[in-house]
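Please read the structure below before turning to the comments.
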Amino acid sequence: MDSKESLTPGREENPSSVLAQERGDVMDFYKTLRGGATVKVSASSPSLAVASQSDSKQRRLLVDFPKGSVSNAQQPDLSKAVSLSMGLYMGETETKVMGNDLGFPQQGQISLSSGETDLKLLEESIANLNRSTSVPENPKSSASTAVSAAPTEKEFPKTHSDVSSEQQHLKGQTGTNGGNVKLYTTDQSTFDILQDLEFSSGSPGKETNESPWRSDLLIDENCLLSPLAGEDDSFLLEGNSNEDCKPLILPDTKPKIKDNGDLVLSSPSNVTLPQVKTEKEDFIELCTPGVIKQEKLGTVYCQASFPGANIIGNKMSAISVHGVSTSGGQMYHYDMNTASLSQQQDQKPIFNVIPPIPVGSENWNRCQGSGDDNLTSLGTLNFPGRTVFSNGYSSPSMRPDVSSPPSSSSTATTGPPPKLCLVCSDEASGCHYGVLTCGSCKVFFKRAVEGQHNYLCAGRNDCIIDKIRRKNCPACRYRKCLQAGMNLEARKTKKKIKGIQQATTGVSQETSENPGNKTIVPATLPQLTPTLVSLLEVIEPEVLYAGYDSSVPDSTWRIMTTLNMLGGRQVIAAVKWAKAIPGFRNLHLDDQMTLLQYSWMFLMAFALGWRSYRQSSANLLCFAPDLIINEQRMTLPCMYDQCKHMLYVSSELHRLQVSYEEYLCMKTLLLLSSVPKDGLKSQELFDEIRMTYIKELGKAIVKREGNSSQNWQRFYQLTKLLDSMHEVVENLLNYCFQTFLDKTMSIEFPEMLAEIITNQIPKYSNGNIKKLLFHQK
């Protein structure tokens, strides 16, 4: 028996037997074929040929395959059968095949689906292959058909190593005698693997003028590749039976078997070719054509320490001259002397970590500001005329990589933090109308005041006003302008103050000459902070249109229905207005609803009286710009009595010549004029808010009358008007409840108004309402 075992299939029906040494181990190639279940193959199994040879450094699985006889008939690739017989089929879909970069012949490959093939079918297909293969006595016979462009035997000794894993024999019987199969086509009988290796001019082959494998560079025992001098050497499979080998995954094609057991082969042109996948990693440079599991080591450079290593082209090849690399990091070497490598799984070369380039490290250290001298405290920036403060942004002087100017000019390069607009938080352009704002808010406020726009928020009067959303809600923006203290009078006041300061400067100069004089200062300065009255001006609802068609003859039913529909929309506007009143939303939610249910008629009647007073001098009732009740319409049935009560309000406003500020304060007090007998849930807060607006009414009176002795008298008259509103509203509500309950009148009510009336009727009938009066009757 030779030192290696040979697999010699016969031409009989039964496959050839497998010979093994006594010390030979049976390797488990089907470790992961069935989800981890181990399938041991004995020496008598006809499906595998396994031989073991004891060696001090490695164990080799030696399998002899014929070099192949030349035949004119082109034969497909046999990698399927050999891969299966060697245990390389495991069903992984992530396997990477790399070989075309090194000049391997592109052969078609046939694979079996692991989900559709069982072990019996596998053994039967291998047995068919074994019957059709034969081992020629002279392995050199295949060299007779080499093409003229191939290297000579002297330069490249014929070996059977490089492509043994991808080129195997399939059954090629023709007739009864059968026929020989060839490994390659006519143009692929021999191939030059050195053409794609791109060796430099000083390659071993050119220096020795003989076979490149006989160089001392490759004979060194520390190298990965050993000289392939043995012409009769079978290709070797280096591996450990305990390794978790991930084999080559072939294209998923199910073999077709004839009735007589022959295997039907597909055309090589239709088979998917193996593709090369090169993975690149940052700052990793491989100096050996070995298989390396690459890992990032940070921003450092790695240099391999293999002697005699060459870069194959400019690519980081993950495959050697002989072998297949898988995604798991393992590689199967053929005809390779790996005695210098440790028999460990996922073997990696030892890298020498080279420090980073000094320039990069210096820049990094500078950017990081290492060193106490390069650090600048964020809270120790001093500016002329300012106290020490802490800022949260990085100025140029804080950056160590920027050369700091002399201390005398350092304050010129580092300015204070940018000033922000108090309205939208954009970068402020200056002090406009008494407030530090941007140019956009300045123009907006001027147009809003001069245009007398009555903005109404579509939300809850708490919209976010910033640089991006400042144009979404003009009502909230205008309110925020007033809250910030913007005032058109501030511009005039600023000019006055400037003139006074100039006069003061002139007087101070005279005072310096004559110490007996005293400096003249203004007695009072106008208040620039917003007041509650200014906020009430902002939130005042706009005038609504009734949509009444005056071309159609008037009728009581049509006018009353139109007024109810208009009243429903006015109630909705009143709810939004009440929620925008400062302090009202701080009340309990139930208290807010109760106050609105008790005061909705107060608000509508008082607003109607104000419009009638301002537009018609209390002679007409101006419900809306398109619905004005004149004397002719007042004569309609059931109209005069109600119009008489409403005309009383407008006539009192006209008699007292109520100002707009007084009207706004009185209207707010009417919202707070009726409460339940049991009180509110937040009664103390309610009393505080009500007293606040009573004081605002007094301020409005003082603003109108000045420091006059008539202020208290006017306050008495205005509060008397507020008390009289209870009687007016009571009469209006009685008529409203009557028309609501009397279905024969067929007067329509909007849904929200009908809900309020339904909830309010039992409270009025039970007397569960407490009137808050200023004067005793």
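Using the three backbone atoms N, Cα and C, a Cβ is placed for every residue, glycine included.
Model, not experiment: these values are computed from the prediction.
Lifted from Swiss-Prot, the feature list:
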- 130-140: compositional bias 'Polar residues' (COMPBIAS)
- 164-174: compositional bias 'Polar residues' (COMPBIAS)
- LYS258: SUMO2 cross-link (CROSSLNK)
- LYS277: SUMO2 cross-link (CROSSLNK)
- LYS277: SUMO cross-link (CROSSLNK)
- LYS293: SUMO cross-link (CROSSLNK)
- LYS293: SUMO2 cross-link (CROSSLNK)
- LYS419: ubiquitin cross-link (CROSSLNK)
- LYS703: SUMO cross-link (CROSSLNK)
- 524-758: domain 'NR LBD' (DOMAIN)
- THR8: phosphothreonine (MOD_RES)
- SER45: phosphoserine (MOD_RES)
- SER113: phosphoserine (MOD_RES)
- SER134: phosphoserine (MOD_RES)
- SER141: phosphoserine (MOD_RES)
- SER203: phosphoserine (MOD_RES)
- SER211: phosphoserine (MOD_RES)
- SER226: phosphoserine (MOD_RES)
- SER267: phosphoserine (MOD_RES)
- SER404: phosphoserine (MOD_RES)
- 1-23: region 'Disordered' (REGION)
- 130-183: region 'Disordered' (REGION)
- 394-415: region 'Disordered' (REGION)
- 485-777: region 'Interaction with CLOCK' (REGION)
Cα distance, the residue listed as 'ubiquitin cross-link' to LYS703 (SUMO cross-link), nearest Å?
35
Need one number: mean pLDDT over the region 'Interaction with CLOCK' (485-777).
86
Quick one: what's DSSP say for the residue listed as 'ubiquitin cross-link', helix, strand or coil?
coil
